[in-house]
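Report on the structure given below.
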Amino acid sequence: MLTFDNSPPVYWFIGYALAAFVVFSAFFKPISTRTYIISAILLLIFMRLPVVVFNRELNPDESQMLSHAITFFKDPVYWRSVDGTTIGPLDNYLLAIPRLLGFQINYTSGRVMGLLCAGGALIFLFYSLKNWFGVAIARKISVVPVLFLAFTQEVDFVHYSSEQLPVFLLSVCIWLLSRATVNVGNLKNNLYFLGLAAGAIPFAKLQAVPQALVLTAAGLWVGYQYFKTKRETKPLLFLILGGLTFPVVTLLWTLALGVFSDLIYFYLLGNVIYAGGEGFWGIPGQFAKIFSLTPDFQIFTLALIAPILVAFYQIFVKSKAEKRNLIIPVTIILLLFSSIYAVTKSGNDFIHYLNFCIIPWTLLAGYGLSRIEKWAFAFPVIVLLWFGANDAYHFIKERRLNAFDSVEARTLAQSPVVIELKKYSKENDYMVVWGWQCVYYVEAQLPHGTAENHSERSIFSHPMQAKYKSRYLSDIERTKPAIVLDAVGKNSMWVQNKKAQGIESYPALFQYIRSNYKLIGDFDDTRLYVRNDRL
């Protein structure tokens, strides 16, 4: 079984050798484009393998979404069995695919799905660049995000995150738009599928909607220009039809299954509360704060800064007579600003939000590269030198190259409370965790018995707290979980105050637990309650 310790020098050497070939193939014309793309994707997979096989939580979002996927096999109806709060149903259903293929749902399977999204997004990004700027520019600039995503070991860019599927869908939209703007393929088909992909994005992550709106507006502009010259409305109608397809199907699905009100209250209105932010004037400061937390993304930006500045000059300074196909630069600029808005809107300092910026950064650099193409070789070299120097430093100082030591970490860990609860649970039993520690669901491989698998929206004060608390209790009464854990304490994210936030802080819930469950004990600061009939 494949494992990696913290210092695999031969493997790392092969990785850098492959990276050198990828860079060479990007610039050496006799090497085919297909060879370049295949080698680039192989590099991404090769350098991501150490984190893929590291079967441990890297970010709480991973456990949250994986436990949702586990729950679907008990009850597959989103917003009844699962509420991902800010995360849409598509992100979570994606994680169920490995189990359909016979694999366990765990951190490895989740990162495989994330890697597929990242690789797919890079491929669609390349072909978008090719359509807009030509194959030479596409090869020379797309190699930069490939190297960044292959070699970064910053956790926020390598764990399965809720941004990866939306970014993939956005890349599909950009590719379809690029085809439509340069008359590649059937315009009606391009615009229909552009609308279809854009219409699906809100059900992957609401945070990506601003970028989806930009791409939809660009598609409308293309359709309108076609109407002006051809007096033909079908492309516009196909775009609108595509945009409505997924939302209408979802609407009918929620009405048929009786979860439409949950969609409105908990996915739309509930997330309006979450999306705080500091207003328009706070965006630059908030973005700078997040940007300052990630050296790797800073180097990625530095590597592209020259062509990006040239692009700004071409768009805003050059005379209008010199500008060609205005829809392309306008769309790219709006994508860039909408990505910054998406990163900052919630007000949280989460680095993984910057996944939304990788494609707009690269597109803008591609737009400006033609003026300084002779310097293009320097841009991937900057990225490689950064990662090479970092790896050399850590190898010399600590004998460490790999941040994700998977020796003894290929299978799921078992927390003390999970070891104990397995004495009382059966396969497919519902379990509930009060507080925020979703890793217990993944380790136990048990579905959660409340729509939210964490209870922070029932604990913290906000306008909809009473509604969240009411649903939480009604879900427990409906599913009757065999196991209830009170995780508030040192192991819980955001909620650690046992006196103010523990299960006793919700008297109606605590009374139900006291009447139907027995406290078995406290295991590593997590209290275990077992339903009376299991004793």
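Note that Cβ sites are derived from N, Cα and C of the backbone, with glycine treated the same way.
Taken from TrEMBL, the feature transmembrane segment covers 12-28 (among others).
The transmembrane segment annotation in TrEMBL covers 35-54 (among others).
Residues or ranges marked as transmembrane segment in TrEMBL: 108-127 (among others). Cβ atoms under 8 Å from those of the transmembrane segment (108-127) belong to residues 37, 40-41, 44-45, 48, 51-55, 62, 65-66, 69, 94-95, 97-99, 138-139, 142, 145-146, 149, 158-161, 164-165, 167-168, 170-172, 174-175, 178, 359, 362-363, 410 of the same chain, restricted to positions at least 6 beyond its ends.
According to TrEMBL, the transmembrane segment annotation covers 236-260 (among others). Same-chain residues lying 6 or more positions outside the transmembrane segment (236-260) and placing a CB less than 8 Å from one of its CB atoms are 77-80, 188-189, 191-200, 202-203, 216, 219-220, 223-224, 226-227.
According to TrEMBL, the feature transmembrane segment maps to 297-317 (among others). Listed by sequence, the residues of this chain that lie at least six past the ends of the transmembrane segment (297-317) yet keep a Cβ under 8 A from its Cβ atoms are 141, 144-145, 148, 154, 157, 291, 323, 329, 332-333, 351, 354, 357-358, 361-362, 364-369, 371-372, 375-376, 379-380, 382-383, 386.
Feature annotation from TrEMBL assigns transmembrane segment to 326-344 (among others).
For 350-369 (among others), the entry in TrEMBL reads transmembrane segment.
Distant neighbours of the transmembrane segment (376-396): 7, 9, 12, 16, 19-20, 23, 26-27, 140-141, 143-144, 147-148, 151-152, 296, 299-300, 302-304, 306-307, 365, 369; these residues of the same chain sit at least 6 beyond its ends, with a Cβ under 8 Å from one of its Cβ atoms. According to TrEMBL, the feature transmembrane segment maps to 376-396 (among others).
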Task = State the residues, same chain only, that lie 6 or more residues beyond the ends of the transmembrane segment (350-369) and have a CB under 8 A from a CB inside it; answer 'none' if no residue qualifies.
result = 59, 61, 121, 125, 128-129, 132-133, 137-138, 140-142, 144-145, 148-149, 154, 156-157, 159, 161, 163-164, 166-167, 170-171, 174, 207-208, 211, 290-291, 293-294, 297, 300-301, 304, 306-315, 328-329, 332-333, 335-336, 339-340, 342-344, 376, 379
